[in-house]
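Input: a single structure, listed below in C-alpha cells.
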Amino acid sequence: MRNDGLTVNLLFLVSVVTFGTWFPLAYNIVALNGPQLVVVTWIRSVGCSRISNTSSIFTDVNETHSQWQLWCSEFIAESGDEVGEMLAENHTLNAVWALTSALFSLGGLISALTSGPLIHRYGLKISILINAAILVGGTGVCCLSPVAHSFEMLIVGRIIVGFAVGSGCVLTPMYTAELTPVALRGALGTLPTTMFVLGMIAATVMGLPFVLGNSWGWPILLTLHLLPVGLMCVVLPFCPESPRHLFLRRGEKVAAEQALVWLRGTTDVQEELAVIQEEAEKDSTRDRVSIVGLLRSPFLRSTLWLAAVPMTALHFSGYSCLSFYSTAIFSAAGLTRLNSIYASLGLWCIFLLVNLVSLTLVDRSGRRILLLISHAGTLIGLCFLVLTMALTRHQGYEWTKYGSVASIFFFIVSHGVALFSVPWILGAELFTQEARAAAMTLISVVCWVTELMATLIFPLIIAAAQEYTFIIFIGFVALTGLFTYWKVPETKGKTIKQIQDLLRPPNCK
C-alpha cells in the first residue's frame, strides 16, 4: 500500500541533514557575537605584538608613538560600551573586526555560485559530505589562529566556514525536497528554519562569559558546531541518495526504487517512480534558462525584481547587523555586557517562536499581506530604537535603555513575521521550472551580497554615526515596503500558470 505519510526513516534523515547544515550556518553567524570584546582584545594584542614584539596589551611603558597608543596602551572606557569605544578609537582595529565578521558572508556568496557544478558532478548527498569536510578544515584554521597569533588566519577560516555552510544552505533544501512526498514538503520545510534559530540560541548560550565566551574558551566555542556535523557524517553514508538523482542522473532505477522503499516504509513505490519518469520526460522537452538568458529576457528580469527586492529587505532592514552584532547593539543601548548577551539569548528564543507561528500564517493570510505587515512593524521598531538610543546617549534617561531593548524585540518579531522567510518562498513561486534554477541562484547571490554589504559596512558606520546608523535601514525598509505594496502580487493559492498570467502584460498573454 502506498504511504505518503511521515515515516521514521524520512523524519530521521531530514532531521539529521538539516541539523548538520542549517544549525552550523546560524551558529557561525552568531558565534563571535557574545565574545566580541574578548576577540577584539585578542586582535588588538596581535597588533600590539607586531609593533612592540610583545603579546601583552597592558604595559607601563610611556610611549608617545600613535600606533603604540592605539594598539598597546591600557584601554579605559569612559562609558559601559568598552568594545564600541575601542573600535571607534582605532579605525584599523575596527576594519579588521568588520572583515572577521563580514567575510563569512563572502564564503556564502562563493558557494552560491559553485554549488550547481558540485551537485551535477557528485549528487546531493556526496556534495553535502564534501562540504562537511571543507567545514572541518575551515574550523581548524579558525581555532589555530590564536596559536599562530594571526587574525588573518581567523579571517581566512571564517571565509572557508562561510563557503561550507553556505553550500549546505543551498544543498539541504534540494536534498530534503527530493526525499519528501509532496504532501509533506510544507511541514518538513519548517525544519531548516527551526534548526537555524536553534543554532543562534546555542551559540548565544555557549558564548556567555562564564561558559566559553572568554579569553581561553572562544576558540573552543568556534568548534562546537562540528558536533551536529559529525553526527551527520556518521549517519548520511548509510542513507540513500536522492531517488530522483539515482533515477534521472545515474539511470539506476533499481537503486532509486530501493531508496523510495526505505524512505516510504512500503514496497508500493511504482506510482512515485512513474511520476519521476514523467517529470523527466517533460523536462527533456523544455530548454533550461541560463542565468544570462534570464537576465536578457525583459519578462524574467522584471519577475526577478519581484523576488530580489524582498530578499534585499531581509538584510538591509538591519536584521543581518543584529545577527552579527546584537550584543554590541544592546551594549550601545545602555545594557551591561552580560545583560546584553542575556538579551540576545531572549531575542533568539522569541525569534524561534515567531518563525514557528509565521509558518502557519503564510498559507492562511498570504505572502503579500504578511510582507506589508512585516515592513510596517520593522519600520516602527527601528524608529523607536533610534529615538530611545538617542535619548539614552544625550539625555541620560535610565528608562530609555529598556525602551531600546523593547524596540529591538519588536523589530525582530516584526521581521520574523515575513521578511525572514517569505522572500525564499517568492523565489520558488514566481518562476516556471525551466527558469527556477537560474533564478534561485541569482536570488541566493543577492542574499549573500546584501548580507556581506550590511555586515561589513555596519561596524564602520556605527563608529561614526552611532545610533543614527539605523536611519539608513529605516529609509531602505520604507522604499522596499512601497515597492512591495505597488508591485509584488499575491501568490497564495495560485498555480504557477496563474501566477505567470498575473505577471505578464495583457498583450503578452
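In case you wondered, yes, glycine gets a Cβ from its N, Cα and C as well.
As recorded in TrEMBL, the features of this protein are as follows:
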TRANSMEM  7-27  transmembrane segment
DOMAIN    14-492  domain 'Major facilitator superfamily (MFS) profile'
TRANSMEM  95-114  transmembrane segment
TRANSMEM  126-148  transmembrane segment
TRANSMEM  154-175  transmembrane segment
TRANSMEM  187-212  transmembrane segment
TRANSMEM  218-239  transmembrane segment
TRANSMEM  304-329  transmembrane segment
TRANSMEM  341-362  transmembrane segment
TRANSMEM  369-390  transmembrane segment
TRANSMEM  402-426  transmembrane segment
TRANSMEM  438-462  transmembrane segment
TRANSMEM  468-488  transmembrane segment
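Here the transmembrane segment (341-362) touches the transmembrane segment (187-212). Their Cβ atoms form 3 or more pairs under 8 Å, with each pair 6 or more residues apart.
Non-local neighbours of the transmembrane segment (218-239) in the same chain are 12-13, 16-17, 19-21, 23-24, 27-28, 31-32, 35, 38-39, 42, 125, 128-129, 132, 135-136, 139, 142-143, 145-146, 199, 202-203, 206-207, 212, 262; each lies 6+ residues outside the stretch with a CB under 8 Å from one of its CB atoms. Count of Cβ pairs under 8 Å against the transmembrane segment (304-329): among 7-27, 126-148, 187-212, 369-390, the largest is for 369-390. Long-range contacts of the transmembrane segment (126-148) within its own chain (CB-CB distance under 8 A, at least 6 residues past either end) are made by residues 17, 20-21, 24, 42, 107, 111, 115, 118-119, 154, 156-165, 167-168, 171-172, 175, 219-220, 222-223, 225-226, 229, 232-233, 236-237, 241. Long-range contacts of the transmembrane segment (438-462) within its own chain (CB-CB distance under 8 A, at least 6 residues past either end) are made by residues 84, 87, 94-95, 97-99, 101-106, 108-109, 112-113, 116, 166, 169-170, 288-291, 293-294, 300, 303-304, 307-308, 311-312, 314-316, 318, 320-321, 324-325, 332, 423-424, 427-428, 430-431, 469, 472. Residues 128, 131-132, 135, 164-166, 168-169, 171-172, 175-176, 179-180, 184, 188, 191-200, 202-203, 224-226, 228-229, 231-233, 235-236, 239, 262-265 of the same chain sit 6 or more residues outside the transmembrane segment (7-27) yet have a Cβ under 8 Å from a Cβ within it.
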